[in-house]
Structure formats: structure tokens, C-alpha cells
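To start, the structure under review is shown below, and the notes come after it.
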Amino acid sequence: MDEKIQKDRIRGSLIGGAIGDALGYPVEFIDSYAGIQRKYGNAGITRLDTGQWWKSEDCSTGKAWVSDDTQMTLFTACGILNAKEKESALIPSICEAYIEWYYTQSGRRNKRFKECWIGDIPELNQRRAPGNTCLTALSEIIAGRDSHNNSKGCGGVMRIAPIPLYGVAQGRISDIDALDRLAADAARLTHQHPLGFIPAAFTAHIIYRLATDEHPEKETFRNYIQEGLESTQRMFANHAEEVEKFVSLIKKAVLLSDIPTDDVRAIEDELGGGWVAEETVAIAIYCALTYFENFERAMIAAVNHAGDSDSTGAVTGNLLGAAIGYDAIPQFYKDDLELHDVILHIADDLYLGKTTSYQK
């Protein structure tokens, strides 16, 4: 694959995920689609909201805010790059990056965990609805205790895109199974239920396949989904019951994408709210497959429901952005996105495989 295409796909997946996150963040805690319609009109939220209406004080920046989903995604990327710079193991380095993120959320920066340059960015030191499971698990790790939370929330899967994206550059990945396991292990740091980390392996598999396909089409996307499911069944055979549940839900999402139906009904009645990882990924697969050739419609479908809209938007954006690349994403999304240039810089560092100096 041409190097320019590789770089564009990495950029597309990271920026696409941030766009989905920012589009869904204002409606994440609106508990019904009718409530979203009351706020944004009959079509729901369709453009990035730059007003931060849910904050009691006036803190509008003129940009649409990202949530903890994008924050943790960027720290995942920094953990990978730090490991490569030190020639150290990836998972411990990613864990240290997550601990650094944890301290940004507490207002107590820790000199021991201060190796990610993004930790000095003000927007990444703000609490953007951080997940309780992530915070609790990381606090246990800091205290030297094992975290056995048995959580299958979506906080593990929503942050793993940098793992397959780092592997996009030629020669970095010789075994896609190793990449899938790495994504699962990164999710398992905070989410120990099998359905908290198995969807992360599957999602990484699909992102990698889409990002490395020079001319991805809807049918090849279907093939990658099937391949990813088969890989999941083989890799996690010791969790047969959970794998069966996950595979069944993903297959349902694929079938729904072939049936003319109302997106809100398909998501809420058939796939769930996206609060747990298997539902988040199923919703993302449904939206990305249904609107494979229309990024805007995929984003709108992914966030306009009563569930975890920012996470379902983020994973949908990661998938579709990996397929179409940065240049194909509508400019109006890029113009209104907070931290656009920072995210783009991190994407380019993932492509280069090293941390470079960021200039505002």
C-alpha cells in the first residue's frame, strides 16, 4: 500500500473516532431519542455541538468537546510510542499511560507518571465523564492491588484503535493474532469480564484489515467481519459461552444492515444501548456497514439513541475512518472538532512509529 494512503487511513481512524465521540458526547446522558429530538429537532443531533449547553457555567470554546473516550485513546497511543522509544513491553507502557491519564482526572499530576506530552494539554486535564470502572481499576493498580471487577463495560474497547493503527505501517505486524491479543490485553487492564476484552480484539482486527486494504468495499468489510468472528472464536475458545453471545450479536448487526429499517429501532430494540462492550461494537458494525459509503449518515445513526452515544459514535468513527481515510471525512466535522491538530499529530506519530515535537 502507498505510504500516503497508510498515513491517511491512520489519520482517518483517529479523527473519525474523535468526531463520533464529540457528536455523541452532548447526548450521552439524554435518556431517550425523543429527548434528543426535543433538544436538536426531529432528525436528532446531526452536527457537532460547539456550545457545551450541559455545563452550568459558560465555558464554550467554539469547538465540540471530546470525552474520556478520546482522552484515553490518545493516552493509548502515547503508551505505545513510549514503549517503542524505550524498547520496553507494550502493555506495561500502555498501563503507565493510563495511570497518567488517571492523574489528569484527579487534578494531582504525579511526577513518576509524566511521560506523555499530551498530559500538559489543558483539555486533557478536564473531567469529561470518565468511566467509573476505569478510574477504580487504575486506582487499584496504583495501590498495588489486583483489580477483579468482572466489568464488561465499553471503557476497554473504545480506546484501543491506536493498537491496530500502529501496525498499519509496513513490516510492523507479522501476526494479526498477536495484534488482536494485544488489544484484548490493553482492554483487560481495566475490564476483566471476557466480554469486556474480547470485543476489543475483534475491533482491532477489523480496524487493521480496513486500514490496510487499499480499496475497501462493503463486501470486503463483510468478509473482514466474518474473519474477525472466526479469529475471535479460535482465540478465545476457553470463553465459549461469552464468545457465542458476542458472535450472535455481531451477526444480528450484520443482518440488520441488510434490512430497510429505522436506525433507532434497530439499535435500541435489537442491539442494546452500547453501555457494555459487545453492544457498542455491534452498534458500530451496524452503522458502519449500513452506511459504508456515507460517513455522515453513519455518524448520525451511531449517536442518535438512548444509550452510550459517545462510545458507539467513537468506535463507528474508528472503523469507517480506517476504511475511507482522513481526506474523505467531511470538512465541517474537522473544522468544529476540539484538539483536531493534536489528534492529527498523534496519528502521524503512530505512522512514523515515534514521538515528535508538537508545534501549535
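Note: Cβ is positioned from N, Cα and C throughout, glycine not excepted.
What TrEMBL lists as Mg(2+) binding site is Ser67, Asp68, Asp69, Asp308, Asp310, Ser311. With a cut-off of 8 Å between CB atoms and residues at least 6 apart in sequence, the same chain places Gln105, Arg127, Arg128, Ala129, Pro130, Gly131, Cys134 near Asp68 (Mg(2+) binding site), listed in sequence order.
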Near Asp310 (Mg(2+) binding site), how many other Cβ atoms are within 10 Å of its Cβ?
31
By a 10 A CB contact count over all chains shown, which of the binding-site residues listed here is most packed: Asp69, Asp308?
Asp69
For Ser311 (Mg(2+) binding site), which residues in the same chain are close in space, meaning a Cβ under 8 Å from its Cβ, but six or more apart along the sequence?
Asp21, Gly24, Asp69, Cys154, Gly155, Val157, Met158, Gly274, Thr280
